[in-house]
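Peer 1: In case it's useful when we look at the structure, here is the feature table from TrEMBL:
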SIGNAL    1-20  signal peptide
DISULFID  C160-C197  disulfide bond
BINDING   D186, N227, L393, Y415  cyanocob(III)alamin binding site
Amino acid sequence: MGLLKLAALGLLLLACQCHGCDIDTHYGIQQAKVKGVIWLLSQRTESWGWGTRKEAEAVMALQLVLNVWYKPYLPGPAATVKEMNLDLLAAISKYPDLDTRNWYGGKLAHYINGLVATCQDPSDFYGHDLLTMLQGHMDGFPKHYFNHNFAYSWAVLALCNAGLTVQETYLQQLTKSPGNYTFGVDEAAMTVIALSCVRNQTDVKSAISAGVQFILDNKKPDGSFGNEYSTGLAVQALYADDKESRLDIKKDALLYLVSLQGEDGSYDSVAAANHVFPALNQKSYADIGDITSCQVVTTTPAPTTPPTSFFTFTINVIATLAPHNVSDTFNVTVPDGSSLLDAMVILRNTDPNFTFTSEEKSWGTSITSIQGIASDPDARTYWSPAVAPNATLTTSVDGFYPTDGMTVIFRYSTY
């Protein structure tokens, strides 16, 4: 068994010690959690994430299926959380208010929940108050893709999990038409999860009951509530409503989800798996604010103060060795303290005209291709980074820290 499998299994065994009900001790469900975590971690890219705007949901799933997954001192989880943060910072550097259809409202809410799940403060994220920003988006509802209650539920959930008292005016959007759900079980489930989070703040009992009843009315003979995506959310909602009731219904649905899992632990997509894994652990997205590892971590002062400003520098890509003829210039804005590798990841995430690949070496991160042009040991070609005009870097890209106004040149060279 590889190190990744051993780590996942060990963490899962620790997480399971606090549960005792029949559902949780069912071998098939336990095995599904182990296999699922291993598979989800294996789907990360070379930059330790799952892709632009996809990081937060996977991080939430891992924290809910293993609330001991994220430890700041563990390299793998730390790198993944760093990638999530960079994804969000890249968007903020381009759209300071995130007033763009890809981030407005629901997606920002995903990342706020992801930050809370990993013990970070969304009210001071590198100097940005994301909670105030999200409330501004909610005031602008409906706008962009943030125009339905499925996404709006995520926003309410983000405010609640972050510890805010959610305004009644925000809750009215989810309670004014109980039992009516444009997106069926998915929307009903997210509504129940969000309202379950705020039920200690205000009376939302009737709206929760309407959502739960809608879910139960859509139960299929095979125990599911639709596909794996919908069933995962539905089971989460049932646990969010009441962890101790409807155990047979929950168990049937969970075993249905187990039956759909591939031999390698996979589901139809990472997005579907993200909804399934919390359900397998009898958790819901409403539990993010109660993750026990964060209650420990947040009692310890942060070792450093996060940067609050950005700087801009230039990356030049030059490849003139035959048959190539490339000369591209990119300006990139990044948070203070970013390494050259961090900046390259941000640029790749925000500009489709820039691509690169890398691999880890004993001495640091090595750039293996830029703009689709790969280093070739047989042809003795490689990418040589330098500070303009010609000061070759003496460290790897993850250990070099550019400064404002600097120009870094990547030149396709021979040796």
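The backbone N, Cα and C atoms fix where each Cβ goes, and this holds for glycine too.
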Peer 1: How many Å separate the two farthest-apart Cα atoms among the cyanocob(III)alamin-binding residues D186, N227, L393, Y415?
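Peer 2: Farthest Cα pair among residues binding cyanocob(III)alamin: 57 Å.
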Peer 1: Enumerate same-chain residues with a sequence separation of six or more from N227 (cyanocob(III)alamin binding site) and a Cβ-Cβ distance below 8 A; give 'none' if the list is empty.
Peer 2: D268, A272
Peer 1: Are there any residues in the same chain, six or more apart in sequence, whose C-beta is under 8 angstroms from the C-beta of C160 (disulfide bond), and if so which?
Peer 2: V166, A194, C197, V198, Q201, A286, G289
Peer 1: Per residue, counting other C-beta atoms within 10 angstroms of the C-beta, which of the recorded positions D186, C197, L393, Y415 reaches the highest number?
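Peer 2: That would be C197, with the highest Cβ count within 10 Å.
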